[in-house]
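> First the structure, then my questions, so here it is.
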Amino acid sequence: MGQSLLCTMGFYLLSTVIYGNAEAGPKPTVTLQPSRTHIYSGETVTVRCEIQGGEGAQWTYEWRAEKLNTRQSSNEYRIIKVTESDGGEYRCRGRSSSSWTEWSDITTLTILHKPKAQLRADRTAVPAGGSVILTCSVSVSSSSSGWKYYWYRYDKYYKLVTLRDGVFLSNRQISVSEGGLYRCRGGRGEPVYYTEYSETIKIDKPKAELRADRTAVPVGGSVTLTCSVNPSSSSSSSSSRWKYYWYRYDSYYKLVTSPDAVFLSNGQISVSEGGRYSCRGGRGEPVYYTEDSESVWIDTTVSNRPVVTLYPNWSEIYRGETITVRCEIHGGDTEWDYEWETNSTIKPPNQSEYRIRSASSSKSGNYRCKGRMKSSQHKTTEWSDSVTLTVSDNKPRPVLTVSPSWLSPGASVTLNCEVEHPSAGWSFYWYKAVPDLSQKSSSYELLPDGSGTAQDSYIIHGQTHTAGYVCRAGRGDPEYHTDHSQPKFVWSA
């Protein structure tokens, strides 16, 4: 019996040496860094297997999470930008020499959708001399710790709010005295993980309004500017305490002073110099300013007067002709930019002339222009008088008359070609109609010296036989031609 017991114990010790002990030593623990079991999609997390009391031993590790593709010798796994697929249960055990620890307890990692910051304001308008408190937060769940908040205000694009723009009351709160569009977001971790931006909140601030009694300073005259603050946009129902400040843009906005304007009252000035103006109101001590008004552009009218001309200057243009509309400004060698106004369907370019090729009725209308100095853009001429361009879609057909229509021995024949608007630059072409019996039509042969005559009449000498004639007219460059007239005949006895 004793020998049998010794044999059994020896076999057990030999098995332990050969196969190792399945569960021995301290129990490991799975930890998360950061130490939150709820992580947002996109954050970075480290899963770590820690064995207390196992210091000094050489450990290899086994994980129960098939998604972990890590070396057995590593006790941690870093997941960068976690996704929902990284969520689940994690546990581990360690092996030193020939023995394994027992399995750790399960640690569950939950992946949440990317959070969105929430922004609240204690009021929707900045009171005179006061401020608005903005509060930013992320969902109050247990995973919402460790956030730092970032604030943004829209000025052409969203810019980060700094100490110059607001008072930072706490990590979650700031105080602002400027109106505008605000939003926020949270960030935490290394590298920083950001939430979605909050919804935008609009904070109103009293804004000055600028009006002008005209848009251009007339020659020798002035323009009156009026600045006001809408009482409904102010914390006070009365706007009588506002003092107004005026600015004119010259590389930057400069305060308008007495040499630059006549101060008619607290809210009105008279200016004789064009340019871009704005204003704002201020009151209290220290001075609380409204937002600047929208700017108003004031032109200065110069004495040069433009004139619109048509070239060629014909009272009516026919479809397909070419015409040039020209803006002429006399006086000095100033270089100008040009502006056009027309009620036609086209808009001429900002040049001194506009060449219309192949005109149509859609280009009919009144044209007027003005010039703006290239060297000083607020200096402009008055508008020219309007010139009317009329384009007819009907191609003209001249009327041919012959005299006499019956030949007398030795008599001459005179052809007359009449076009509507006969003084409008026409030259004339004269043809003999040659019948083509096979085609039941006629061809036209140009008469001697019958091409482009300035006169609307043509004399034929020595005709002895019956003959037919036609004419047509042309003008312009490139030359535009009318249709041929109907044939007219001279009959022999």
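Cβ coordinates come from backbone N, Cα and C, glycine included.
Sharing the features that TrEMBL gives for it:
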type   : residues : note
DOMAIN : 28-107   : domain 'Ig-like'
DOMAIN : 115-185  : domain 'Ig-like'
DOMAIN : 206-280  : domain 'Ig-like'
DOMAIN : 306-390  : domain 'Ig-like'
DOMAIN : 396-473  : domain 'Ig-like'
SIGNAL : 1-24     : signal peptide
> Please count the residues of the domain 'Ig-like' (115-185) that DSSP assigns to helix (H, G, I), strand (E, B) and coil.
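Once the DSSP states are binned, the domain 'Ig-like' (115-185) shows 0 helix, 37 strand, 34 coil.
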> In the domain 'Ig-like' (306-390), how many residues does DSSP assign to helix, to strand and to coil?
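Summed over the domain 'Ig-like' (306-390), the classes give 3 helix, 40 strand, 42 coil.
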> What average pLDDT is reported by the model for the domain 'Ig-like' (28-107)?
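Averaged over the domain 'Ig-like' (28-107), per-residue pLDDT gives 85.
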> Could you break down the residues of the domain 'Ig-like' (28-107) into DSSP helix, strand and coil, giving a count for each?
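Summed by class, the stretch gives 3 helix, 34 strand, 43 coil.
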